[in-house]
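**Student:** Look at TrEMBL and you will find 6-282 tagged as domain 'UvrD-like helicase ATP-binding'. As annotated by TrEMBL, ATP binding site applies to A27, G28, A29, G30, T31, G32, K33, T34. Taken from TrEMBL, the feature domain 'UvrD-like helicase C-terminal' covers 283-551.
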Amino acid sequence: MAHTAERLNKEQKAAVEYTGSPLLVIAGAGTGKTKVIVHKIAYLIDNIGVNPNNILSVTFTNKAAWEMKSRLKNLVGERAEGVWMGTFHSICLRILRRETHKTELKKGFGVIDQDDRLSALRSIVKELNIDSKKYPPKQYLWLISSFKNTIEYVEDKEPEEFIHRFPDVFKAYQQYLSFANLVDFDDMLALVIRIFQENDEVLELYRNIFRYIMVDEYQDTNYIQFFFLKLLSGEYGNICVVGDDDQSIYGWRGAEIRNILDFEKHFSDVKTIKLTENYRSSPNILFTANTLIANNNYRKGKNLSPVIDKMGNIMVKECHDEQDESNFVINEIELMLDQGISPAEIAVLYRTNAQSRAFEVELNRRGIPYKVIGGISFYSRREIKDILAYLKLSDNPYDIDALKRSAKNPPKGIGNVVIQRIIDYATGNGSDLISAAKEIASVSKGKTAASLKFYTNILDEMQLFENIADKIKVILNESSYGNYLKQFEEQNDANKRINNIDELINAAAIFDESYDEPDLSEFLATTTLTTSTDESAGDSVSLMTLHSAKGLEFESVFLTGLEEGLFPLFRSMDNEWELEEERRLCYVGITRAKSNLVFTHTNTRMVYGRRQFCRPSMFLDELKSDISSPGDYGKKLKANTRVFHSKYGEGVVLNVKGAGDKVKADVFFQNSGLKKMLAESLEIF
């Protein structure tokens with residue numbers, strides 16, 4: 001540990017070296033939580049002598065897992081490969097692959113993605129004669145996910161009728177998954193928990209494997225994830241969770257902030273360590289964030305302290321409407337680019353996806369490169385899903401959606417009637433879909449027989465190759481997919497899609513190089529588990545919702561649309577719990593900024609086709625004390641004012657409070673750090 005200890009501050013070092021009982025690390029924004037997790041794992045391996053195979057490290061994104069694994073390799077070398085590191089879903093999928101025989105799944109089961117889940121539910125709703133306008137399939141999808149994240153589902157109980165015929169839809173959906181030999185994202189945790197609860201010897205096996213458990217972003221865990229961790233940690237109690245209650249922003253999708261607030265109640269002999277030294281943001285940006293979040297009641301309580309002493313720039317801009325707002329923001333971006341700031345260091349953040357349009361139009365008009373983060377994931381693009389469908393069916397010949405997609409893209413003369421014949425034959429005879437397609441081909445004549453033979457020959461030829469990249473090339477060459485795109489797409493669109501497929505081949509080739517015997521199931525799992533938030537913007541300005549910005553940092557951040565009803569949303573303004581989450585979301589946005597932070601709000605905005613007048617967000621009122629302060633002396637002494645003190649020297653005002661002769665200021669001095677001073681003791685430059 002000697003080679004790493006000197007790189008850690010006192011708080012970080014304490015968190016890294018503590019073992020023996022459950023540990024809660026409250027890690028504020030920019031305080032180096034990833035560094036702590038990585039160094040703690042290295043400490044366990046190098047200093048405590050823990051076998052890497054006995055360490056489980058759970059992250060919330062694949063990107064975070066990749067970054068941690070890379071940084072861990074720099075500390076402990078190839079031993080890092082032994083650590084079980086990944087998202088809840090990837091870890092549970094790995095366990096499911098090992099324990100498939102304990103479930104009703106067949107070997108080689110697949111993972112259904114969100115698009116295919118929705119497609120399946122559309123078919124189910126139609127088959128059950130449910131009015132899809134009155135009861136949209138997306139609503140059933142949300143309810144199914146919600147139900148599967150309850151203990152009732154883990155215990156295999158029947159769902160209640162939350163909406164019209166939900167139990168029927170749920171049953172049909174589960175039957176579809178069962179026949180297709182598929183699991184969805186929500187099944188992964190639930191099935192593993194079910195295996196643990198029904199098989200004591202399996203639970204004990206994994207408790208012995210995972211002697212040390214590390215969990216990142218603990219504030220974002222839901223009840224089922226908490227239950228999984230509680231079950232797995234067992235008697236050893238060597239669990240370390242790292243998170244920030246002030247950054248809990250996913251309550252709308254089931255995250256339970258109580259998991260981190262009540263950690264000391266859930267586990268015994270808990271040690272709590274707070275990381276408060278911020279290495280990211282300038283002092284005034286940091287104090288702006290502290291001022292805002294102090295208005296929340298449901299929090300552990302902490303104040304972040306700046307390590308950086310150079311002051312940043314904070315601005316609030318009132319705009320006439322969304323067009324004026326986009327013009328102002330893009331003007332500022334052009335100035336920043338002229339000053340040498342990289343496009344990759346600039347982010348425009350907003351509360352709802354719809355707000356991106358005005359910024360996209362203006363960026364396009366001016367020729368500034370940008371990327372919408374959290375948009376369509378690479379693996380969700382049409383052409384990529386078409387190619388993956390062949391791979392999925394080859395890997396799991398029971399996958400109905402993979403059959404439907406690969407049989408029809410590109411068109412081969414195989415229509416819905418023939419596809420249904422294949423499905424019916426497989427269902428009735430207990431065979432897989434590829435075998436059923438071959439059987440239907442053998443008893444058919446003419447075009448149907450020829451089309452099915454052409455199709456199954458592609459699938460057979462894929463099996464001749466071990467490398468996944470070669471399998472993809474077979475699909476492209478034999479199906480003439482590239483020619484199909486060129487024939488039916490505009491040239492620019494066709495070229496973009498072909499370039500995307502080339503990138504898929506590159507990704508497969510890199511995967512092939514990583515394994516002596518490439519595992520198609522493992523490759524397909526990575527494509528399903530990868531989300532748009534795992535992708536970077538490259539050398540472009542980033543546009544994203546505040547939720548997508550979590551975990552990122554930029555030199556310059558534009559926090560837009562700060563208006564009552566938009567941010568915070570109207571529906572949260574009468575609910576203290578929801579309002580606090582909106583405030584935490586604003587806090588997350590502020591703490592993405594290193595040096596430049598710009599807030600914007602408009603006087604009017606188009607809402608549902610009607611122009612409405614807007615009031616500035618309450619969050620701006622809560623921030624005003626840090627941005628500009630009214631008052632007699634405050635008219636002269638305000639945030640960002642340079643001052644001099646006879647004892648402490650030069651400094652910069654961060655915050656001003658009070659009036660008259662009781663005006664006090666928080667001042668950051670270059671040589672002495674933060675001090676609270678009477679205004680009358682300061683000289684203004």
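Each position is counted from 1, following the chain as shown.
Every residue gets a Cβ built from N, Cα and C, even glycine.
Whatever TrEMBL says is automated annotation, not expert-curated.
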**Student:** So which one is it: of the binding-site residues A27, A29, which has the fewest other Cβ atoms within 10 Å?
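**Tutor:** Among the binding-site residues A27, A29, the lowest count of other Cβ atoms within 10 Å belongs to A29.
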**Student:** By Cβ count within 10 Å, point out the most packed of the binding-site residues listed: G28, G30, G32.
**Tutor:** G28
**Student:** For T31, T34, listed as binding-site residues, tell me which one has the smallest number of other Cβ atoms within 10 Å.
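**Tutor:** Least crowded of the binding-site residues T31, T34, by Cβ count within 10 Å, is T34.
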**Student:** Within 10 Å of the Cβ of K33 (ATP binding site), how many other Cβ atoms can be counted across all chains shown?
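**Tutor:** Around K33 (ATP binding site), other Cβ atoms within 10 Å: 22.
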**Student:** Quick one: what's DSSP say for A27 (ATP binding site), helix, strand or coil?
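**Tutor:** Looking at the DSSP assignment, A27 (ATP binding site) belongs to a strand.
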**Student:** Other than A27, G28, A29, G30, T31, G32, K33, T34 themselves, what residues in this chain have Cβ atoms within 8 Å of the centroid of the ATP site's Cβ atoms?
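**Tutor:** In sequence order, the nearby non-listed residues are V36, D244, L275, N278, Y279.
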**Student:** Could you tell me which three-state DSSP class T34 (ATP binding site) falls into?
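**Tutor:** Helix, per DSSP.
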